[in-house]
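The annotation transmembrane segment is assigned in TrEMBL to 20-41, 62-80, 86-107, 119-143, 155-178, 198-218, 224-243, 255-281, 301-322, 343-360, 390-411. Residues or ranges marked as region 'Disordered' in TrEMBL: 419-470. As annotated by TrEMBL, compositional bias 'Low complexity' applies to 456-470. What TrEMBL lists as domain 'EfeO-type cupredoxin-like' is 519-581. Residues or ranges marked as domain 'Plastocyanin-like' by TrEMBL: 671-778.
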Amino acid sequence: MGWMLALVVVVLVHQWLPQARWLMVHMVTLGLITTSIMVWGQHFAEALLKTRLGEESRPRQLARLRLLTAGVVATIAGMLPGWPWLVVLGALAVSAALLWYAAALGAQIRAALAPRFAFTVRAYVAAACLLPVGAMLGAVMAFSPGEPWQGRLMLAHQIVNVLGFVGLTVTGTLLTLWPTVLRTRIELAAATRAAGGLLGMFLAVLGAVAGALIGSTLLGCAALLAYLGSFAWVAVTLVRVGVRGVRQERRVPLAPFPILSITAGTGWFALTTAGLLVMWWRSADAQMASSLVAADVQQLTVPFVAGFLLQVLLGAMSHLLPVTLGGGPRATTAALAVMSRGAVLRVVAYNLVVALFVLAERGTAGSGALFSALTLGTAEVAGFGSLSRVLLSLLGFAVLVSFVVLLVLAVRTSSRLRGTAVPLPTPSRPEAAASVSPARSELPSPSVGPSPSVGPPTGSRTGPAPAAAAPMDRRALTGALLGLGSVLGATALGGSLDRSQGSIPDAAGTAGAAAVTPTGETTTISVSMAEMRFTPDRLEVPAGNALVIELSNDDPHDVHDLVLATGATSGRLQPGESTVLDGGVVAHDMEGWCSIVGHRAMGMTLSIVATGAAAGTAADGGAVAAGSGADELARVGADMMAAPGPDVAVRDARLPAATGPQQRVTLEVDEVAAEIAPGVTMDAMTYGGTVVGPVLRSELGARLTVDLVNNGSMGHSLDLHAGRVSPDEAMRTIPPGERLEYPIATDHAGIWLYHCSTMPMSVHLAAGMVGALVVPPPELAAADREYVLVQSEHYLVPAGATGSESATHEGALPVSAPKIAAERPDLTVFNGHATQYVHAPLEARVGERVRLWVLAAGPSRGISFHVVGGVFDTVFKEGAYLLRPEHGDGGGAQALDLAAAQGGFVELVFDEPGTYTAVNHSFVEMERGARALIRVTA
C-alpha cells in the first residue's frame, strides 16, 4: 500500500520531477510488483507446501522486505541525480533480498512432505534467481553506455525482468490462483503437465538474454518463439479451467473484476511478447545482427507495465485482499463485491486507454487504422495531441486510483459484517497466513487460498437454482458502453482543446481523406537516403492507392529515417540498412522528412503528390506536430541569478598541465541531457559527456593522436583545427558504434577549436560538440594562474513549440535549426553553463599574473572579451602577440576581439582585492550568460 500511495503522489507531480517516466516505471516494477511478489510468494508457498512457518521466521521475512525496500530507494535515489555508484549499491541490495527469498523458499520445498503444487514454488525460486541478473543489467545502464550496448542492455533487462522474473512468477501462480478465483477445480495431472511449460519459459529467457547481449537476432527470436510456445502450453490449461469456471452453475456469482483484469493483463503479456518477437526480427540486418536501440525497446514499456503488470497485480489483489480479511462467507463475498464495483467499465476504459497510447506510439499506418477503429472513427493518431494524451492519462489514472478507494470500502464492509474493526490485510501476519490454509473451505464464498480444489470437474448442481444471467449481462453491457463512452469523450474533448490551441491541424486540413475512395491497388516506390537528400524526393501516387516505400540508407556514414505527416515512420536506419514503410492510402498531398536533428533543416524532405485528387486537398505537412502553438523562435529564458542545478559539476577552468612529445587521448561521443543554464536542459551532443568537450593541451612540435569513439545514435565526426591533414579520412563521419584514429602534429601555437564536422554542422556545434586544444607559444613565461574560457551559443526549441516532441531525453529541449538560421540564440555561455562561474568564481590574488585563454567556439558568434576593472598588458591573438609589457611603450588593451573559431589569450595583474567580472562586452551576449566572476583576495 505504501508503494501504491507513493506512486499516486509521483504521478500527480511527475512533470516537475527529473526522469519522471523512469521513476514511475520502476516504482511499479521494483516497488509495487517486486514487493508484492516477495510478500505473496511467501504467503502462497506456505499454503501450497503446507509448511506453515512459526513466529520466529517473521522477523527474517520483515528483514528481507526492509532490505528490498532499501535497495529500491537507493536505486531511485541514485538514478535521479545520476549517481551510478548508488544505483549499483541499490541493485546489489535488491539482488541480495531476492536471493535470500529464493533460498528461503528452497528450504521450504525441501522441508515439505510430498507437496502436490511444488512446481509453483519452484517457479518462484527460479524467477527470483533471475532478478539479480536484471538488476545488474540495469545498474550497468546507469553508466550510460552508448549504442549498440544501451539497446542491447535495455532489451536484456526487459527480457530477464519482465519475461523472466515477473512472467515466470505470474504464470506459475495462475496455475493455482486461477481456479481459486473461478471457484472451480483443476486436475492435478493437468496442472502438473502444464507446469512443464514453466521450465521451457525459464530456459527460453536465458537464451533470449544471451541473444540480446551478443546482438544475435536469430538466437533471440528463436528463444522468444520457444518462450511463447511454452507459455501457450500453460495457457491452454488455464483457458480450459476458465471456460469450465464460467460455465459452472453456482448460487453466488463470481466477482468479475479479478477475472477480467487478470485475463486482460495476461492478454497484454502475450501480445507484447509477440510484438517484441516481431520487432526484434525486423531489426535484423544482412548478417542477422540486431540493430535495436534503446528507443525501440522503450516502446514496449507501456504495454508491459500498464497493460500487463498493473492489471494482473490489481486483479489478483482484488481477490486476495478480501479473502485475506476473512470474517466468514458473508463478509468475504461482500468485500469481493465491493472490489468488483464497476468492473466492466473500469477494465474496458483502462484497456482502451492503454491501447490508444500503444498505437499512437507505434506511428505506423496499420496502428493508425486500428487507432481509428477503436475510437469508432471519431479520432486519428494525427489528432492525438498533448491535451488528448493528458485527459486520457487522467482517465486511466482514475481507474487505478479507484482500486485504493474500493479497497478502503471493502475493508469497512468486511469489518461491519464481522462486527469488529480490522486493519488492512498483510500476508506477513500469522493470522493471514493461516487464512489461506486449504483446510478452511468456506464455500459458497470464494476459496480463501491459492490452493485450488483438486479433482475431476463436476457437472452436478447443488443448492438453489442459479440466478438468471440476464441482469448481469445487461450490467456488463452498460459498463462496456460507459467505458467506451468515457474514452471517446476524453479523446473528443482533448482533440477539440488541441485544435483550439493550434497543436494539431483543423479537420479541414485533412478533408481530402474522406473524399477519396481506396482503389485497392498499391504503388511501391524505392527511395534512397544519402547526403542529406531523399532520392527521389517527389513521389507521385494515384489518389486512393496504398503507398509502400522501399527505403534504404545508402549514406556511408550517417543515420537517417523517414517520417510521414500521417505519423508513419521507418525508424532510424544505420548506413547500409533498409526497410519497408507502409504509407497507407494516399488521399491527399503530404510531406515527409528525416527527423534526425538538423537534417530536415538541411533540406532532407520529400513530397508525396496524390495525382488525380480532388482540388483543394492541401499538402499535409504538420499532422504530427505535437507543439501547443508556441512560437518556435520565441526565446527560452533562464534565471541568470540562480545557481546551477544540484547535479551540475562546475567545470575546472584551469589549463591542464604540460604533456610530453607524444600524446594519445580518447574522445567519446555521447548524446545526453545537459543543463546549460539554471532550469534549462538541452538535448546535447557531446565529446566526453559535457557541453564543450575537455580542454586538450599539446606542446609545440609534439604529436597528438585522438581516438574518436561514437557512442551516439547518429553519425558524428571531428575536425581538429590545429592539424594539417586531408579531411577525407580524418574528418569523415563515423556511424554509431564505430571509432576513428585522428593523428596530427601540433606545429603551431595558439588555442585551437575542435568540433564535429557532420552536417548540419551548425546544429552539432550548437548541441555542444566543440572544444579547445591549447598549444602554448615557445618560451612562454609562467603565469601564477591560467584559465581557459570557451564561449559557445545555444539555440533551443521552446517547450510546446513545433519540434519539441523530437526531444530524446525527458525534460530536455532539442536544438532549434530555425533559430540557428535566424541567428537568435537563447544562451551564450562559458565552458558549457551560463552561471557556473558566477556562483563558483575563478580565484586569484593581488599581484599575481593571470593568463586567460579565450576561444570563440561559435557556431556563429564571436566575442569581445573584457575584464571589468582590469587592463590587459599582454594580448596574444591567432598565433601572434599584439601587445607585450616588455615593449616599454606603456600600451594596454581593454578587449580581445575574436570572430567565431578564433582564439588567443590575455594577461593582467590585479592591484586590489575584489570581485572582477570577465564578460563578452557585446552586452547582449553577456546578458545571455557570457560572464565569469574572478574573486581576487589580498
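Keep in mind that glycine also has a Cβ here, set from the backbone N, Cα and C atoms.
What TrEMBL says about a protein is an automatic prediction, not a curated fact.
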Other parts of the chain folded back onto the transmembrane segment (224-243), taken as Cβ under 8 Å at six or more residues beyond its ends: 163, 167, 171, 174-175, 178-179, 182, 184, 186, 190-191, 193-201, 203-205, 207-208, 259, 263, 266, 270, 273-274, 276-277, 280
Within this structure, do the transmembrane segment (86-107) and the transmembrane segment (343-360) have 3 or more Cβ pairs under 8 angstroms, counting pairs 6 or more apart in sequence? no
So, by DSSP, how many helix, strand and coil residues make up the domain 'Plastocyanin-like' (671-778)? 10 helix, 51 strand, 47 coil
In terms of Cβ proximity under 8 Å, which residues at least six beyond the ends of the transmembrane segment (301-322) contact it? 21, 25, 28-29, 32-33, 36, 40, 158, 162, 166, 170, 173, 177, 180-181, 255, 257-266, 268-269, 271-272, 275, 332, 335-336, 338-340, 347, 350-351, 354, 357-358, 361, 396, 400, 403, 406-407, 410, 414, 425, 427, 446
Across the whole of the domain 'Plastocyanin-like' (671-778), what does the mean pLDDT come to? Round it, please. 93
